[in-house]
Amino acid sequence: MSASQPSEPQAQAVPTCFRHPDRETYVRCRRCDRPICPDCMRDASVGFQCVECVAEGNKGVREARTAFGGKVISKPYVTWALLGLIGVGYLLHLASGGTLWSGRSAVSDQFGMWGAGIDYADQWYRLITSAFLHSGVMHLLFNGFALYVVGPQLENWLGHVRYLALWVVSAVGGSVLGYLVEPNQLTVGASGAIFGLFGAILLIGRRLRLDTRFILGLLAVNLLITFTVPNISWTAHIGGLVSGLLLGGTYAYLPFGAGRGDRTRARAALHAGVTAGYAVVLLAVAVVWAVAVRG
């Protein structure tokens, strides 16, 4: 009786990456246990995970939001961009005949807030372009410094989108009031937007239970200057301030009783609706006024 010979074990196949079959690997994903090559590895708390498991895990991670529903930002890019545009506007003013300290220029005449330009030439762009122009270096420095001081904090609280909407709508609010009350007065400057920021940061600061006495004092001083110093457009300041208070109150308090745990989309939709609705009202009032003027 002959003895049977033991069979030799078959060599095991070298595993290959499940996404790249031509790459051999002995590393496996800690979640799905599939083999992964170096290009597909992602560091995990223990070992590695594949890109698909990492993507699946990220679906359940909430995006960081501020207390008012805005995306958490790393840098105040909108504030920087606005400062840059204001600076460019002033350079264009100087290049088109304006002086360093005061005076009109071809750019301010064409893009400043002037009611007749809207009434008879449909130059509706003046409602916003005027906010990027300044008639003198002191005017520029005051508004630029105010934006530099107040803007980044508001942008951190609100996120890029809400903050930009606040700035633009406040600027338009100041222009619309100027159009209704002083249609023959040519005005330039970001003061309407700046006063809107003042109003918003006042209400948001109170919502956060911060000491807002500095902002109240700053606002009081600026209102005093508005009504006592000649050649200052009080309409731009008041129109911007009212707009900032309205939108700032919306972002700070609506929906009522809201906290960090509320639905982000519902809050964003409400804020967007109020902002857009108010902007539409402003423009509608301006259009109705223009139609009435034209007869």
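In case you wondered, yes, glycine gets a Cβ from its N, Cα and C as well.
Note that the coordinates shown come from a computational prediction; the quantities given were computed from them, not determined experimentally.
As recorded in TrEMBL, the features of this protein are as follows:
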TRANSMEM  77-95  transmembrane segment
DOMAIN    122-251  domain 'Peptidase S54 rhomboid'
TRANSMEM  131-151  transmembrane segment
TRANSMEM  163-181  transmembrane segment
TRANSMEM  187-205  transmembrane segment
TRANSMEM  214-232  transmembrane segment
TRANSMEM  238-256  transmembrane segment
TRANSMEM  268-292  transmembrane segment
Other parts of the chain folded back onto the transmembrane segment (214-232), taken as Cβ under 8 Å at six or more residues beyond its ends: 191, 195, 198-199, 201-202, 205, 238, 241
Residues of the parent chain within Cβ reach of the transmembrane segment (268-292), under 8 Å, 6 or more residues beyond its termini: 69, 118-119, 124, 127, 162, 165-166, 169, 172-173, 176, 179-180, 243, 246-247, 250-251, 254-255
Arithmetic mean of per-residue pLDDT over the domain 'Peptidase S54 rhomboid' (122-251): 96
Intrachain residues whose Cβ lies under 8 Å of the transmembrane segment (77-95), provided they are six or more past its termini: 105, 107-108, 132-135, 137, 140, 143-144, 147-148, 151-152, 155, 160, 163-164, 167, 190
